[in-house]
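To start, the structure under review is shown below, and the notes come after it.
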Amino acid sequence: MEEPAALRPAACRAKGGAPGFKVAVVGAAGGIGQSLSLLMKMNPLVSVLHLYDVVNTPGVTADVSHMDTSAVPLGVTSDGGFLFLTAPHAAYLNCDRLGVRGFIGQQQLEAALTGMDLVIIPAGLPRKPGMTRDDLFNKNAGIVRSICEGVAKSCPNAIVNLISNPVNSTVPIAAEVFKRAGTYCPKRLLGVTTLDVARANTFVAEVLGVDPREVNVPVVGGHAGVTILPLLSQVSPPCSFTPDEISYLTNRIQNGGTEVVEAFAAAKFADACLRGMRGDAGIVECSYVASEVTELPFFASKVRLGRGGAEEILPLGPLNDFERAGLEKAKKELSESIQKGVSFMNNWT
Ligand SMILES: NC(=O)C1=CN([C@@H]2O[C@H](COP(=O)(O)OP(=O)(O)OC[C@H]3O[C@@H](n4cnc5c(N)ncnc54)[C@H](O)[C@@H]3O)[C@@H](O)[C@H]2O)C=CC1
Ligand SMILES: O=C([O-])CC(=O)C(=O)O
């Protein structure tokens, strides 16, 4: 049965049923942000793309808005953003439907976020060789806090995909910011762990000698070192591994971030969120969310994505002895990372 119009996301209503969501990328000029912006521009579910950063957004915005269909820079808008339209006859069409807009600097954060349905955050420092994700805490905690304050103020109902590391701590920080602002909805705050699943699928496919697109490995826990727990006993299609293979795969998946980082997984996760927001059924991805799957307040596991975000958190399923031992190690580190994020906010006045 068709849902009453009042219950549908505003972006869908505004387009008379045609899919079209307003998406902001915060940290759009960075390594992840630039590729992610390009990939989001290619997503047919996105009607408006706002690109925000503290530096370099004009160039990135021009670049992305030139994709394929002819882009017409229209100059600076009343709230300071710069507007590009991406269709030959854009002037005759609803600007909101086709615009890619760039925003730069703290004073434009509010304009960048206002009206957004989905906010994707890859803002903040990346690791250098030899660093752990937790080593980024001191720099990135404050960045995530101030961006989330902006979200609470300008688009409190948006779904947030948080990419900035350490995800295990930045998601609890975001939750505390939203609680303080009175806008917290656990379903709408999702830590991006899709890269762990992408790596797991790729590495398992290599061992099995099959196409990675045919493989699905649930990866639970968190997004750093031992908190990344691939459930190799639950691989689809069903298969088995030798103890050496399990040890090699677990290690490689847990440490994949030291090899390479990629925006593809973040775009894949955002697309899954948008399809859920549109109302597609059966969208299940792993994500780090507020959870009761373990005694910890946040945990990554399979979640069912729907109109409101993480609509259902799926159980872990049966674990073998190796995975149960891994889970205990993961929970210990995760608990400390969560507490670190919460304490950071408790000490913030
Ligand atoms: N969850 C995941 O799977 C992944 C997480 N990451 C994390 O994403 C973050 C970004 O990584 P990269 O793009 O490689 O770094 P980068 O240094 O290339 O880009 C970061 C961008 O954030 C911007 N930025 C800094 N402060 C900001 C603020 N207050 N507001 C808006 N933008 C701000 C910078 O100007 C820069 O353009 C890092 O923390 C990294 O660890 C990266 C890859 C995967
Ligand atoms: O490892 C890093 O620093 C970035 C990241 O989170 C990943 O690639 O999984």
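Backbone N, Cα and C atoms are what each Cβ position is placed from, and that goes for glycine too.
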TrEMBL annotation, NAD(+) site containing Gly27, Ala28, Ala29, Gly30, Gly31, Ile32, Gly33, Asn140, Ile163, Ser164, Asn165 - matching residue among Asp53, Asp134: Asp53
Euclidean distance between Cα atoms of Gly27 (NAD(+) binding site) and Arg133 (substrate binding site), Å: 17
The correct DSSP tally for the domain 'Lactate/malate dehydrogenase N-terminal' (104-191) reads 48 helix, 12 strand, 28 coil
Recorded positions (Arg133, His223), the one with most neighbouring Cβ atoms at 10 Å: His223
Just to confirm my parser: what is the rounded mean pLDDT across the domain 'Lactate/malate dehydrogenase N-terminal' (22-71)? 88
I'd like to know which of these binding-site residues, Gly27, Gly31, Gly33, is least surrounded, judged by other CB atoms within 10 A. Gly31
Sorted by position, what residues of the same chain at least six away from Asn140 (NAD(+) binding site) have a C-beta under 8 A from it? Gly124, Leu125, Ser164, Asn165, Pro166, Thr170
